[in-house]
Each structure stands twice: as structure tokens, then as C-alpha cells.
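A short worksheet on the structure shown next.
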Amino acid sequence: FISIDCGGVNYTDTSTHINYVSDANIINSGVRETISSEISTIQLLRRLRSFPEGKRNCYKINVTRGSKYLIRTTFLYGNYDGRNMLPHFDLLLGANKWATVNINNASNPQLEEIIHVPSLDYVQICLVDTGHGTPFITTIEFRTLKNHTYVTQYGSLKLYLRNDFGSDIIYRYPTDVYDRLWYILEPFEDWTNLSGSISDDSLDKGDYQLRATIMRTAVTPTNASDPLSISWGQNHETDEFYVYMHFTEIQVLTTNQTRQFNIMRNGELWIPNFSPRYLAVDTLYTSSAISEKEIEFVRTGNSTLPPIISALEVYTVIDLQKPETFQGDVDAITSIKSVYGVKRDWQGDPCAPAAYLWDGLNCTYGDDEVPRITTLNLSSSGLSGKIDPSISKLTMLEKLDLSNNSLNDEVPDFLSQLQHLKILNLEKNNLSGSIPSALVEKSKEGSLTLSLGQNPHICEHGQCIEHRKHRNNIVIPLVASICGGLILLGTVTAILWILRRRKSKASMVEKDQSEISEQHTKQEDSLKQSKKQICSHSDICKITNNFNTIVGRGGFGTVYLGYIYDTPVAVKILSPSSFRGYEQFQAEVTLLLRVHHKNLTSLIGYCDEGSNKSLIYEYMANGNLLEHLSGTHSKSKFLSWEDRLRIAVDAAL
């Protein structure tokens, strides 16, 4: 048995002897609140937990898988917040909606009950903010039931009504762990209340464990010859019900007295010649769901006494069809949350329902299919330590982003065993060691986009990024600003060369459109001769991480930072509106595939796919020549006149 006082403390109820525990160790969200003793004198109902933050807040409660439980939640608003605003919100059981809690009276407790057989070793009860007031909860209780009671053909049983007939108490609270909360119906004009002297010790409670406080009272028709009719409303025409009727003979009958009656459904005989037993509970019930909403008890010709009934329970069938996330994925993501102390609103089922999908996840969904986690994005989440092995248990993972954290140690080989992984982003961490060869091979094959930039101690084939960066960055870059640098030098040869280039370009612009188109066609034909350095537009998207980081702009277009494996590159994207940029694109591809110089940035590749045209250059992390000449770059060093003259002459040559 589980009895939780939400927002309360551990204690034993002096009247019921039920041990209640605080929810403090079960949930880490919400606010503890107290209601006035003027509204409730019952200790159990004096405290609650409200949830002013978060869309979905969940209790995860350990249970015995396959056992049958009556799960009861209680809500007493009591104007705890002083706002006198009656909220309503949704209640979920796992991934499925259990009920909408509509608080319609601040002073009366509201109850939601369900009879359910968990398929897991835990149950998650979630309160969902629907925008109509702050969700809250007062108590959560689990009571085990015998597996052969409350049997359904499918689904779970949601309480529709529970009536204690013949009593004069509006609410009858549980007297022990087996008891339930009963509602008392005011007697109809054609009913008469009966009562007898029955104790729990003398009563055979039966499989349904009905207490003497319930069974010692009953109702009977005022006119002894009339049938006893009991009906209940119907929320929807399609509602189907399971009905449980509880009887006991509360009077000691003489030898010439008999109580016998037929039970009718929809005017037809259902159970004939039934006689309740004295000091024993008899429970009659529907073995399948029925749509009728009225039952009649009709006295037989042999009976000297009218029919009676002590208690009635009616349940509707609720089919919790939405599958919960694959348990292996749940275990893995729960472990990841624990290992890294993830500070996100991760409560309830990770994938279901889809409206409350955990932040940073994507999942697969299908008709009656178990959701699987396909994306895990923990970028910029303050992670530290090693890459957790639990990630390897997310076997359907397609995209993993752990970038911009403080992860250290080696890139683990188990990442290469994720067969469906297509994108792996480990940029901006403190990872070290060699890249697993299987990951490198997948990246070369094009089946995996691998991003490892800004991990200064990562090595590939025995050569570390930090060493390659040092080697590449000692070259002083020229391309973007060489003309400005040459003007500062005042070198005659360089100036003449620049003027000649400008004059040549100006004459090209003045050509008519037909000549330019013809020239473009010829140059495009010549480009096709160098297939080994051609990239597709989709390759460019992967290299630049969908054009994520801009490092510069010019007349040609925008320059983006990209990575080929773990090596940074600069990707210049031709702007569709740049006419002269298109000429420059063709000229640079044709020229730089043939010309190589230690002071000239290398052309690594290019894309010439329809209107998508781009150039991939060696990335110059230390800035361009103009920045070094003017001293505006943070890493600029003093350039002697000899250095400046050498750069100018080399460029002119």
C-alpha cells in the first residue's frame, strides 16, 4: 500500500492508522502549500503541492508490475493561494490522459480513481497545466486489489460513481487501507433507509473487502411491492459501464421471512432469484461492459420482503492505448539525466504524448508503435566529464549534439556502434586522444557528418589538431585584403599590377551579355575537368553545419566557417545578386586549381550546382593581411619593411 501526503510530512493517521509519507523524495518540483483549518480539520487534507511552473509535472512511483491497483488522487483547493480562482487541469497516467480535474467547489475534495494493472515497475502520475489555473494535488494512494476482482476484457476502470446507500454522511472517508471513499446519495421519495448492527469482526467482507460501515446500511422501496430502481447519468452516448453491486442481509430474518428478488437490465431478466446472505458480502457484477444506465430489483412471488442494496460502484472503461517510450530508451535517457544532472524540464515519459516531448529530443511515432528516441541535443547544457556510455543504449539515435560543453577524455568507440547515427557534433569541448577509426571511415563514406572542431587535443591518424592549426596559422594570409596592404607598402611594382588588374576587370564588366554568357559557358565546361574537388550543395550544408557561423562578407557573398572532418575551412557562398561575384567564382576556381604559393590561401574545393556556387578555402584563423598591417588583429605581430616588401613582391609575381 502506498499513501502519499502531497506537500506534507511523514505521519500515522491516529484514526485510520494509515502511514502517510511526504512526497518530498518523490518529486523535485512544485511548491508546498497549506489550507485553512476552517476548511478542513482532517490532517490528510490540510496540505497540498501546487505546480506554478512547468507544463507537465510528474510523480514517479515504484510499484509491482502486473499487480492490480486502485489508484486514488484527491484534490482540495481550499483557496490556498488566496485568489479564489477554481482551476482545472489534466491528469495523465503515463503517456495517456486519465481525467480532466475540474475544481467546482473550493471547500469540497474532488476525487479521481482508476483501477489499473501497470505493465512496468513504476507508474507516472502527471499534472498538466492547460492554461486554466495552477495544477495542484493533495494526496496519492495506491491500494492493491485481488487480481480476480474488477476484471475487464480490455483497458482500465475509471471510477464513475460509488454510492453508500442508507447512510446520512455526505462523504465517508476510508477507515483503513482497504476502505474507499464513498459518496452518499440522498434517499429518493420512494426509498426507505435501513440499518443494522454489524461489526467488521462479524462481517465476511468477501473478495471486494467491503467494510461494515458501508454494509450495515441499505435502501429498500418505500412501497414493499414496488421495484427498487437505480440509475445513473451518462456523459456520452458511447459510454460503457462495469457495474458492481454489493449486498448483505442486515436484518435477522425469522423462519417465515424471505428476501428474494430478480435483477433486471433494460427490462430483461439478468440475475434471477437472488437472496442476500446475513453477515456476508455478496458482490454481483457485469462480466463485460454494458451501455444501460439503469438497473431494477424486482421482488419475486416467493418473497415476503422487498429488495435491498447496500452499495454500488460504477466504472467506465478507459483504454490507455498510447504506447510509452521504449523502456531501453527510457532507462538510457534517465541515466544520462542523472549522470550529467541535466537542468531541464525532463519529467514524465520522454516521448509521449508528443505534445510534451522532452526538450532536446526527437522521437519516432507511428500507429501502435513504441516511440523511439532518434535525436539527443544537449548542446550548451553545462555537461562535464566523460561521454556517458548510456548514450550507446539509444540504439535508434540519428543525431547527437554534445557541442559547447566541458566534456573531456577520449571520443569513445561506442559512438561508432550507433548504426543509425548520421550527425555527430562534439565541437567546443575538451576532448582528447585519437578519433575512433570507424567514425572517420563513416565520415569519409558520407554516412556520418562528424564535427569535432575546437577540441584542442583531438588527434587523427597520430596528428593532433593543435599541431595542424599551429602549422597552418603561421602562414600570413593574403586573399581578402591584399590590395589595401599593397597601397600601404607603396611598392611601385605592386601598384602597377593592381591597376592593371582593375583595368582588366573593368573592361570585362563592359562586355555585352551575350559575350559574358558565352564566356561563362566555356569556363563552366573547363571546370568540369576537375571532378575530384567538386562538392555538392548538400555537402556544403553539412560542412558549414547548415551555414551556422559567419566569419566574413564581401562583394562575392558571405563567408562561413566549416569543418571537413575536424579541419576548419572557410566557405564563400556566391550571392545570387552578385554578377561580378560570379565572374570571380569562375576565375578563382580555374586559376587556383593550377596556381599554388606559400602565401596564397589554398582552394580545397568548390560547388558548381545550378545557382548554388561556393568556394572552399583553407581557413586562416589568424586573420587577413590588412588586419596585420594595421595592427587591428588580436594576434597581429610586427611586420618589418623587409617582410612587407617580400609579401608585395611575391603577390606581384
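Any Cβ shown, glycine's included, is placed from N, Cα and C.
Automated prediction, rather than curation, is the source of TrEMBL annotations.
What TrEMBL lists as transmembrane segment is 474-499. For 545-653, the entry in TrEMBL reads domain 'Protein kinase'. For Lys572, the entry in TrEMBL reads ATP binding site.
Counting Cβ atoms from all protein chains shown, Lys572 (ATP binding site) has 26 others lying within 10 Å of its own Cβ. Counted with DSSP, the domain 'Protein kinase' (545-653) comes out as 32 helix, 35 strand, 42 coil. When pLDDT is averaged over the domain 'Protein kinase' (545-653), the result is 77.
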